[in-house]
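If you look up TrEMBL, you'll see 14-36 marked as region 'Disordered'. According to TrEMBL, the feature domain 'Catalase core' maps to 17-398. For H64, N137, the entry in TrEMBL reads active site. Residues annotated as heme binding site in TrEMBL: Y345.
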Amino acid sequence: MAALTITSGYAAAPTLTEDGGQPVGDNQNSRTAGPRGGILLDNFHLIQKLGRFDRERIPERVVHARGVGAHGQFVSYDDWSKFTKADLFSSQGKTTPVFLRISTVIHPKGSPEQLRDPRGFAVKFYTEQGNWDLVGNNLPIFFIRDAMKFPDMVHSLKPSPITNQQDPNRFFDFFSHVPESTHMLTILYSDQGTPTNLRQMDGFGVHAFKWVNAAGDVTYVKFNWRSMQGLNPATAEEAAAASAKNHSGMTADLYDSINRGQYPEWELGVQMLKPDQLDDFDFDPLDATKIWTGVPEIKVGKMTINRVPSNFFQSTEQVAFSPGMVVPGIEPSEDRLLQGRLFSYADTQRHRIGANYLTLPINRPQVETVNINQDGDMNMGATTSDVNFQPSAMPDTPREEESYEYSQAPLSSQVVQQRIAKTLNFQQAGELYRSFDKDAQANLVKNFAGDLSQVKNRQIKLRILSFLTQSDPEYGERVTAAVGESADDVQRMITANENVEPTRWTKIELPDAAQADKATIHNSSVAPIRYQTRAGGSAWSKTFTLMPRQSHRYDAALDVRVVDKQVGAAQSVTLGKLVDLSEADGDK
C-alpha cells in the first residue's frame, strides 16, 4: 500500500529558541526527578519562561491608561514660516509621519471605552528637527488652571482608596471648591462627554503655545483638530447600549475603518494672538479653562490616520508623550497647568518604561540623536567617545546651536503665589449651555443631575448648583429642580460662598446725545442679574434677566430697579447718574 503523503502549503516552521538564541528541545513538559519527582532547578527554559511572564506588564499610566493608537501622516497646507520656524510647517505639501493615541482619561485599562470621560488626543510628529508631541484632549478646555491641583483632581476622580469605586461624593467635593471646573463639567456632562466613536470627534491642544519665527517674533497659538468625518456625540442611553454590545467598540470601529481604506482625517486649525493682545479679553488667554472666544481659526494642515500598528504593546502601550517635547519654532506658553505638565509627563514615562524610553522604536526620532546622556536601564546606545561631558576641547564633542535657543521675554514682577487676576469662572459655561438646542440642554441636565443626586453632603451639592446658576439661571434652576433642591437655598449659597467672585451691578446712561431718550443698564459682573421697569407709579413690569457682560436699553423715562433675589431685596436705580449697586448692597 502506498504511503499517505500530506503536503503543506506553508514554509518550514522556524525553530523555537530561548531569549539568548539557544534552540528549545521541549516546550511542553518540565524536567523532573523521575516520573513523579519534583521539577529540577536546572530546567532553565521553564525558569526563564515563567520569569519573563511575571514581568510582562509595565506600570499602567496613572491617567490615559485605556487607549488605542494608529499611524498616519500630516500634510501642511502652506508655508507658515512667517509665524514659525518649525520645519513641518515650512512649505506647502510638507509631509510628516505621525502616531495618534486616543484614550480615556480616568478609567483603567480594560474598562469600557464608552464611559463618560474626556478623551486624550495625543499626536507625535516625527519631524526633521526631532519629535513634537501635541498632547491634548477631545474637549477644548480642562477642569483646572493650575498644576498644583492636578494630583488632587485625579485622586478625586479615581476610585476611592477604601471602596475601590469611583464616587460622585468624592469628585464633586473637590469640584465644589474649584469654580473654574464649571465650564469643563458642562461640556463633560453634555453628549460631547460620550462620543459615538473616535473618528467623529475633535481634538484640542487645550493650552496656549507659542509659535516663534526665524526673527524671534512670538505668536501665541491654540491648536484645534477638526474631524473631517463630522461630529457624532451619543446620548447616555446610546453609549450604554454600545458598551453592552462591545466595550471595545471604539477601537474596533477605528481599526475597521482603517482596514477598509476609509482613513479618518482631521484638519489642524490654529488660533493666533500677538503678545500685546493677551490683555484685550475679560478672561486670561493663558487659562486652560477658557476657549479663545472670537479669535479666528486658520486651517494649516491635515492629518490622515492610515495604518494599524503591527503590535499593540510595542506601539500604543509603549508610546510616550510629553508636552515638553517641542521642536524649534514651537514653545510652551506661561499657562500654569501646562508648566506643570512639562515636568510631570516626561517624569511619569521615565517611571513607567525607564530612563531610556525615547530609544524605543515608537518613541525614537527619525533624526540622529547626539548627546552625552549615558547608561540607565535598558540602554541600547553605542558610546564610542571617551568624552562624556560638555564643554570639551575635543573636536568631536557636540556643540550647541544658538539659533535654536528659546525666545526671550521681559519680566518685571515679584515672586507670588496666588490665583490669576481674571478668573471669570462661569461666563463661558453659560454661553455653552445657551448654545445647545433643547434636546442637548435636556440631556445635559439629566446627565449632570444623575451624578449630582448621589452626593450625600448637601453643602457640596448646593455649591455645585450655585456655580451652575451663576453660569445661567435656567441651567442652574433646571439641575436644582432635577436633584430636588431648593432654589432659594442655592441663592443663599451664592451670597455666602467665598469661592464666588464679587458681583457688581451698574446702571449707566448712554453717552450719545442723539440717544438722550434711552438709557442702558449694564451687567459688569460674572453672574446674571434681574431687573424690573415701570412708568410713573404703575406696577412693576415682569422681571428681565441680564446676563454677565451684557447690556439692555430702555426708555430713560422709566423707573428701573434691580431685583436682588440673592438677599430678597429690591434696590431702585436713580436715573441720570452712574450707580454701582455693590456699594449699596455689598458684594454678591
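Glycine too: its Cβ is placed from the backbone N, Cα and C atoms.
Heads up, TrEMBL stuff is auto-annotated, nobody curated it.
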Overall pLDDT of the domain 'Catalase core' (17-398), taken as the mean: 93
Spatial neighbours of H64 (active site) that are distant in sequence (at least 6 apart) but have CB under 8 A: R101, S103, T104, V105, G120, A122
For the recorded positions N137, Y345, the one whose C-beta sees the most other C-beta atoms within 10 angstroms: N137
C-alpha spacing of Y345 (heme binding site) relative to N137 (active site), in angstrom: 14
H64 (active site): secondary structure state under DSSP, collapsed to three categories: coil
The region 'Disordered' (14-36), counted residue by residue under DSSP: helix, strand, coil: 0 helix, 3 strand, 20 coil
